[in-house]
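Everything on this sheet refers to the single structure shown next.
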Amino acid sequence: MIRTTIVRTLRSSFLARTNRCVVHHTQHPGRILARCCSSQDGKYLLHEQDGLYDHMTRGIIDEIEFDVEDICKNADSVAQRVRDRKGEMQEDEVYKLVDLWQERCRVKGQVDELQEQRQALANQGKDLKGQQNSAEFKDLQVKGRQLRKEFNEASRSETELNSQLYNILLRLPNSCHPSVPVGDESQARLVETVGEKPAFKFVPRGHLELGERLDILQLRHLANVSGHRSYYLKGAGAQLQHALVQFTQDRLYKQGFTPLVVPDFFYPAILEGCGMMKSRAFDTQIYTLDSTKHESLCLAGTAEVGIAGMFKDHVLRADQLPQKAFAVSTCYRAETWSGTEPHGIYRVHHFTKKDLYSELGLCFRIIDMPTQELGLPAHRKYDVEAWMPGRDSFGEVSSASNCTDYQSKRLHIRYETEQEELKYAHTVNATACAVPRLIILILENFQQEDGSVVVPEALQPYMAGRKVLTVQDGLPMKYTGRERRVFKQHKKKFSKYR
């Protein structure tokens with residue numbers, strides 16, 4: 001995946017890869033800061049070990065600031081934002097947040113008042129030094145015990161209220177750009193269509209049939225090797241993947257992007273900071289290590305996590321902006337199959353991601369995605385859908401999201417202005433090339449009647465000058481295993497996808 005970050009200025013082009021800072025990092029009476037406390041709830045992810053809330057309460061990261069007063073003043077518009085999004089959070093939780101905030105302010109005032117009384121009592125005790133047996137000193141001791149009891153009870157209430165507040169605050173979706181369509185996927189707005197669909201004088205084949213005929217793609221006979229939704233690229237197929245990666249990298253170098261190699265494992269707090277985890281459980285598309293045997297780590301589903309993690313807890317100077325970076329990584333996702341997707345490599349558990357479709361001669365369109373397709377972090381998102389003859393439809397191959405300061409607030413990515421003010425960055429993330437889907441596009445759009453595939457001219461220099469993929473380019477093997485017996489009872493179910 002190629003992800004990019006630019007701070008300070010946002011470009012208007014749909015694939016602008018920028019992070020920009022706009023929010024002041026100053027204390028404000030309406031902002032809630034995490035206290036060093038823990039929750040006995042354990043119900044939501046943010047209370048789980050190594051989640052954002054856990055890292056805050058353990059002092060691993062600084063407090064996350066939320067302008068709660070502003071949220072409360074605009075509760076109706078925030079509730080509308082939640083209603084427009086597609087997610088677990090319900091709009092009534094926004095009004096619950098208002099009630100919690102008011103109660104928290106009351107309790108915090110009580111805690112501060114009790115602390116002042118305790119301090120005053122301590123000062124009186126100092127004045128009576130050497131008079132520990134006096135009635136006045138003993139009276140102060142009784143009052144001190146009572147104040148300590150009241151203070152501890154109020155502090156526990158404040159801790160629990162903070163826990164409940166953060167449970168809601170960390171799950172609030174980002175704001176939406178005013179021009180974002182409202183609704184589900186059917187409300188997506190077409191921005192532009194580029195290129196023309198290929199015209200075939202024969203019935204086009206799907207990528208799976210083409211890949212198997214060329215013997216460069218293997219999905220069958222892997223149930224006992226790596227399970228469902230895994231695949232092998234062989235010979236020219238593997239060469240095609242490397243060519244796509246190198247092709248994309250070369251063009252990003254020319255645009256001033258810095259290459260990165262990022263880790264595959266991250267703490268849940270980093271993924272949560274990027275808005276990529278559901279709040280109530282780990283039963284998402286994310287693979288996690290067994291916490292009873294290993295650290296609480298997750299496999300990254302996108303290079304975006306690695307790039308954001310590198311900038312976490314860092315401050316940049318204004319004259320260092322914009323910062324642009326990209327990374328190529330294997331992306332691990334627990335994609336599930338409902339039977340609606342064709343058999344093939346369109347939806348798989350692991351893939352390499354990186355974007356340039358015009359140069360490859362592909363037909364694609366740009367879609368302004370509606371509110372229910374934005375997820376938690378995106379302020380606005382554009383998808384790229386390319387024509388796939390084997391599916392006889394457009395299929396998503398890329399997306400670009402402007403996340404404003406949603407991620408930078410949670411991960412403390414900031415910059416310092418010339419006036420020495422600290423402001424939060426804006427992050428904009430885009431996929432440059434999702435390799436398996438680009439392979440689908442090349443196989444299906446450039447296929448010939450005899451089953452061969454013409455290599456796009458722009459890729460030929462990266463394919464050692466190879467211009468056509470033919471059956472001789474594969475790695476032919478004969479299968480002798482027993483896998484088909486295992487799936488004999490499922491033969492009917494899968495037959496229409498083969």
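Here the Cβ of each residue, glycine as well, is placed from N, Cα and C on the backbone.
The model shown is predicted, which means the values in this text are computed figures rather than measured ones.
The feature domain 'Aminoacyl-transfer RNA synthetases class-II family profile' is assigned by TrEMBL to 204-456.
Asn429 (L-serine binding site) is surrounded by 28 other CB atoms, counting those within 10 A of its CB over all protein chains shown. Summarising the annotation, TrEMBL assigns L-serine binding site to Thr302, Arg333, Asn429.
Residues annotated as ATP binding site in TrEMBL: Arg333, Ala334, Glu335, Val348, His349, His350, Phe351, Glu396, Val397, Ser398, Ser399.
As annotated by TrEMBL, site 'Important for serine binding' applies to Thr431. For Thr431 (site 'Important for serine binding'), the Cβ neighbour count at a 10 Å cut-off comes to 25, with all displayed protein chains included.
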Requested in this report: Could you tally the C-beta atoms, other than its own, that fall within 10 angstroms of the C-beta of Ser399 (ATP binding site)?
Outcome: 21
Query raised in the report: Based on Cα coordinates, which of the following recorded positions are within 10 Å of Val397 (ATP binding site): Thr302, Asn429, Thr431?
Result: Thr431
Query raised in the report: If you draw a 10 Å sphere on the Cβ of Thr302 (L-serine binding site), how many other Cβ atoms land inside?
Result: 21
Query raised in the report: How far apart, in angstrom, are the most distant Cα atoms among the L-serine-binding residues Thr302, Arg333, Asn429?
Result: 18
Report summary line: Here the Cα-Cα span from Arg333 (L-serine binding site) to Ser399 (ATP binding site), rounded to a whole number of angstrom, reaches 16
Report task. Using a 10 angstroms cut-off on Cβ to Cβ distances, just flag whichever of Arg333, Val397 is the loneliest among these binding-site residues. Result -> Arg333
Query raised in the report: Listed recorded positions are Thr302, Asn429, Thr431; which of them have CA atoms within 10 A of the CA of Ser399 (ATP binding site)?
Result: Asn429, Thr431
